[in-house]
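**Student:** The structure follows.
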Amino acid sequence: MRQWTAIHLAKLARKASRAVGKRGTDLPGQIARKVDTDVLRKLAEQVDDIVFISGTNGKTTTSNLIGHTLKANNIQIIHNNEGANMAAGITSAFIMQSTPKTKIAVIEIDEGSIPRVLKEVTPSMMVFTNFFRDQMDRFGEIDIMVNNIAETISNKGIKLLLNADDPFVSRLKIASDTIVYYGMKAHAHEFEQSTMNESRYCPNCGRLLQYDYIHYNQIGHYHCQCGFKREQAKYEISSFDVAPFLYLNINDEKYDMKIAGDFNAYNALAAYTVLRELGLNEQTIKNGFETYTSDNGRMQYFKKERKEAMINLAKNPAGMNASLSVGEQLEGEKVYVISLNDNAADGRDTSWIYDADFEKLSKQQIEAIIVTGTRAEELQLRLKLAEVEVPIIVERDIYKATAKTMDYKGFTVAIPNYTSLAPMLEQLNRSFEGGQS
């Protein structure tokens with residue numbers, strides 16, 4: 001009776017929330033969990049395969065690629081594709097999408113929510129994308145966060161799908177007896193080298209890791225005297241192109257995709273790894289990968305007549321560097337709109353922008369840079385310190401700042417952080433209404 005009440009109140013809350021113009025992604029779960037504290041556990045027990053997707057960057061793209069591919073092949077799933085990746089949002093997804101025929105759940109999960117959610121749900125497999133410095137006032141340093149995750153997932157019989165090229169992710173191999181690695185061959189692609197480096201010390205002995213090849217940051221082929229090393233990948237990218245959309249060679253199969261950004265190659269590979277481990281073949285995966293387009297502010301493309309735009313979320317140095325690199329790959333003039341908020345969901349500490357490589361903007365052909373958000377002035381200062389010699393315009397209103405990019409002929413590169421994403425994306429949708437996206 002308690003479960004029935006929780007589910008029905010949650011569904012009513014969803015309808016009410018949407019009726020007043022809100023998304024209703026977290027509220028139903030919050031209400032249900034108050035009525036029945038075991039509601040998520042009970043619903044999860046009805047599903048055969050539960051896949052958790054986590055990591056600092058790329059969770060949403062990886063999750064959506066998996067979800068889209070399964071749906072494209074007529075496989076019914078539970079999927080929190082609206083981005084609510086904490087306990088309440090995950091509960092909402094199970095409540096709204098559970099049916100007797102649904103036997104697979106694809107769940108993006110916030111790194112900080114793993115200990116809480118795993119008290120209620122044990123996934124059959126977890127895939128980790130990467131670990132970079134993100135919101136340190138929320139999660140603490142990377143070493144602490146990774147150790148906490150390893151402790152939480154140990155001895156639960158979870159199959160771990162790990163990025164072999166990231167030593168932080170590879171450390172999680174101590175938490176399971178069943179490990180599948182994915183990675184990228186040396187020289188598969190020449191990533192731009194960043195001035196930002198994460199710790200490259202061995203998690204076993206503390207010595208400096210030796211790198212045979214570096215893709216970017218700490219991502220690459222590494223080894224240590226103590227025996228810790230980059231493991232052989234079962235699923236591997238041998239080469240890929242991006243101009244700006246991805247053309248991947250994974251295990252000798254070609255994938256012509258509609259997502260941009262070289263960093264997304266790892267996200268596509270993570271999704272591929274999950275899908276293969278779920279039993280899908282290459283052709284089935286190709287059906288999904290080659291029809292996937294982003295509509296959630298992750299490398300989302302817009303075009304109306306001669307005006308073009310691209311938006312990509314950036315909430316840490318690695319994400320910002322990736323977004324700035326996309327601008328470098330675009331020919332001709334650009335106009336940037338960059339937003340920095342410091343709301344609770346963003347993390348109050350915005351000092352991470354000083355670790356991002358804004359200096360690379362000086363090499364691009366830029367008409368103007370519009371900075372916006374609650375910390376617009378701090379962005380302005382950071383760009384001045386980077387000696388970016390282009391007009392820098394401060395407009396704290398995100399809607400107005402985004403709309404202003406339409407006054408310029410160049411390609412709009414829009415880079416919001418977490419709570420900036422919704423208003424910036426909304427304005428781009430308005431500005432490009434009737435065009436291509």
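Note that Cβ sites are derived from N, Cα and C of the backbone, with glycine treated the same way.
Not my notes, these are from Swiss-Prot:
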- C202, C205, C224, C226: Zn(2+) binding site (BINDING)
- D349: active site (ACT_SITE)
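Any idea what these are sitting next to in the structure?
**Tutor:** Look at C202 (Zn(2+) binding site): DSSP puts it in coil.
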**Student:** Measure the Cβ-based neighbour count of C226 (Zn(2+) binding site), defined as the other Cβ atoms within 10 Å of its Cβ.
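**Tutor:** Neighbour count, Cβ to Cβ under the 10 Å cut-off: 12.
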**Student:** Would you list the other residues of this chain near Zn(2+) - those whose C-beta lies within 8 angstroms of the C-beta centroid of C202, C205, C224, C226 - in sequence order?
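**Tutor:** Filtered neighbour residues, in order: P203, N204, G206, R207, L209, Q225, G227, F228.
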**Student:** If we check Cα distances from D349 (active site), which of the binding-site residues C202, C205, C224, C226 wins as closest?
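**Tutor:** Of the binding-site residues C202, C205, C224, C226, C202 has its Cα closest to that of D349 (active site).
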**Student:** Of all the binding-site residues given, C202, C205, C224, which has the fewest Cβ neighbours within 10 Å once its own Cβ is left out?
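**Tutor:** Taking C202, C205, C224 as the binding-site residues, the minimal 10 Å Cβ count falls on C205.
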